[in-house]
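Novice: Take a look at this one; I'll ask things after.
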């Protein structure tokens with residue numbers, strides 16, 4: 001095992017859209033010495049800056065195509081090169097088996113956190129958003145529902161759902177995620193690095209993730225990150 005691999009610890013977090021992965025990632029980074037690397041943010045950043053890989057990725061997105069494995073891999077590995085002195089948490093990559101295998105050739109992944117939230121719970125979360133098109137007012141059936149179902153509080157006009165928030169779109173996205181990542185989870189399971197956390201509420205899953213990571217990763221300086 002080479003030195004570089006030994007002193008930097010690579011962790012990956014996996015979870016379907018709506019599984020609370022963003023929230024858990026930000027808490028992990030708050031409490032542990034890990035740099036958060038989100039492939040989505042990285043992609044947007046490269047597209048905004050017009051880098052070679054950003055321009056390449058944009059051509060696929062504009063055609064409504066998935067970005068090929070080799071492009072995503074180049075993007076992630078290029079960024080990880082800048083983080084050799086850090087421990088990091090990858091979020092959104094690897095998404096497919098070829099990506100996981102390519103990552104493995106370059107870095108040692110010793111921790112994979114998988115958030116396993118029931119399909120129905122995620123579907124409820126992701127389809128909860130309704131919009132009043134004229135004003136841009138956003139309602140969430142769970143957190144801030146309209147006074148009357150389907151009706152804007154101020155104008156009495158009907159609310160609509162964005163295409164992305166419609167149940168059929170959400171189900172399609174979740175099924176696509178499952179099909180893509182199933183082999184990745186199996187791959188890490190076989191390697192013995194996969195830790196799955198199941199539940200329906202992020203606040204109940206988090207303490208288990210926290211306790212698990214305490215055995216794996218250095219914590220941030222507690223004085224610096226005391227939360228009120």
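Just so you know, glycine gets a Cβ as well, placed from its N, Cα and C.
Taken from TrEMBL, the feature GTP binding site applies to 18, 19, 20, 21, 22, 23, 129, 138, 139, 202. As annotated by TrEMBL, AMP binding site applies to 39, 44, 65, 66, 67, 92, 93, 94, 95, 99, 162, 173. Residues or ranges marked as domain 'Adenylate kinase active site lid' by TrEMBL: 129-164. Taken from TrEMBL, the feature region 'NMPbind' applies to 38-67. Annotation comment: TrEMBL describes 128-165 as region 'LID'.
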Novice: Please report how many Å separate the Cα atom of residue 93 (AMP binding site) from that of residue 22 (GTP binding site), as a whole number.
Specialist: 13
Novice: Cα-Cα, whole number of Å: residue 18 (GTP binding site) versus residue 95 (AMP binding site)?
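Specialist: Checking the Cα atoms of residue 18 (GTP binding site) and residue 95 (AMP binding site) gives a distance of 16 Å.
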Novice: Any idea what the Cα distance is from residue 67 (AMP binding site) over to residue 129 (GTP binding site), rounded to a whole Å?
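Specialist: Residue 67 (AMP binding site) and residue 129 (GTP binding site) have their Cα atoms 27 Å apart.
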Novice: Within 10 Å of the Cβ of residue 129 (GTP binding site), how many other Cβ atoms are there?
Specialist: 17
Novice: Can you give me the average pLDDT across the region 'NMPbind' (38-67), rounded to a whole number?
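Specialist: Average per-residue pLDDT within the region 'NMPbind' (38-67): 94.
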Novice: Could you list the residues of the same chain, at least six apart in sequence, whose Cβ is under 8 A from the Cβ of residue 20 (GTP binding site)?
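Specialist: Listed in sequence order: 115, 117, 202, 205.
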